[in-house]
């Protein structure tokens, strides 16, 4: 047992080191860039070391626990700990943030603030995935919003203020329900004179049926905004259409996954009876979302928005996996969280770099750019294939495991299972249609248009490095998913066994 405060260091290091950026000498952006990338790398290496040497995969309990009294007056503790559910998400956060920092190399305007906000976001995300106290979870959830809002409103497209305001209104609106749920849970357990927010205690807490359903619904609204679940998804295409591509990488790669993580960590673990009641609805919503977002994506002219809708469609698989209440389904949802984290982030990075070079985002104005930009074309095609679940890539394995999870679920009858599977299959047919038509309109054809001031430069070594770094895990998970599944499999088994008592 290691008593070294690994997780506290992992949570606090980025934001503290980030605040020192403002004291660096004003000699261009070079120092700031190298400083930020080295902080991200150091954090990622520390994380990998701590998990390799101090985390036992076979143990389904919480590990690397830390508990420090913080605010004595209402018994608020700084409680951290990780298990198989959060391990993959934390590693994904470290990986994507490091590459997003490298992707933000061309940012020169207010670069100190930009990099500080990215590091602040990093701290918030790792704090969220490792917190073991409900109030701390909520604080980290909120801490995330401020950097994202500033990154959107200061570095973005023409309508950036509109999309940033829309984002903050949606997420803050969802957070109100979250806070009510947190207070309701804390006050119910310990009478009205003190709050009990320790997740370990709350797991064994039982609630009256009506209260549990109300709490579940409150949390669900907050996660439905983040995840996003239709009809609370409309902030996402606007945000992705306007944000700088390194911000998009963090949004698609990590921010959306926080909603899925909260759904598993709080709704499934702490409110099992309500989740058992709501799970058929989750599966139905997930299936509708896959088809709805895929068909909406087909009608988008802006290719960034088209990729944003494909993100929403892929989140449907996570919702179905969580709603299936089976070992296989939940493992599939966790696999899809990681798989889409890699694929979604890269597609936005590619879309951003391509639109920066061409200064165009509408598909009908594009065509024939595969000739001047063969590397971007190759990588765009490869990641589109990964997104449409080509066998041998991570998207295929994740969706297949979710399928099996739904089919083997003892909770649903045969007819509903067949119906949902049929709907999912239609969604999987629509995915290649909108992705391949986007590729055709962008890269094929003869319109080597004469755009003034467009510099058709193919991707340089820095961009290729980012793309190859993400391509390797996508292929790796596709060929040998067991490595990722072994992180969460024991924890998931312990969680699902609560639903089907022996």
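Placement of Cβ uses the backbone N, Cα and C atoms for every residue, glycine included.
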Look up transmembrane segment in Swiss-Prot and report which of 62-82, 167-187 it refers to.
167-187
Counting only pairs 6 or more apart in sequence, are there at least 3 Cβ pairs under 8 Å between the transmembrane segment (315-335) and the transmembrane segment (134-154)?
no
Ranked first among 37-57, 113-130, 274-294, 336-356, 464-484 for CB pairs under 8 angstroms with the transmembrane segment (388-408):
464-484
Under 8 Å, at least three CB pairs between the transmembrane segment (4-24) and the transmembrane segment (213-233) (pairs 6 or more apart)?
no
Where else in the chain does the transmembrane segment (464-484) make close Cβ contacts, counting only residues six or more beyond its ends and a cut-off under 8 Å?
88, 95, 99, 102-103, 334-335, 338-339, 342-343, 345-346, 349-350, 375, 379, 382-383, 386, 391-398, 401
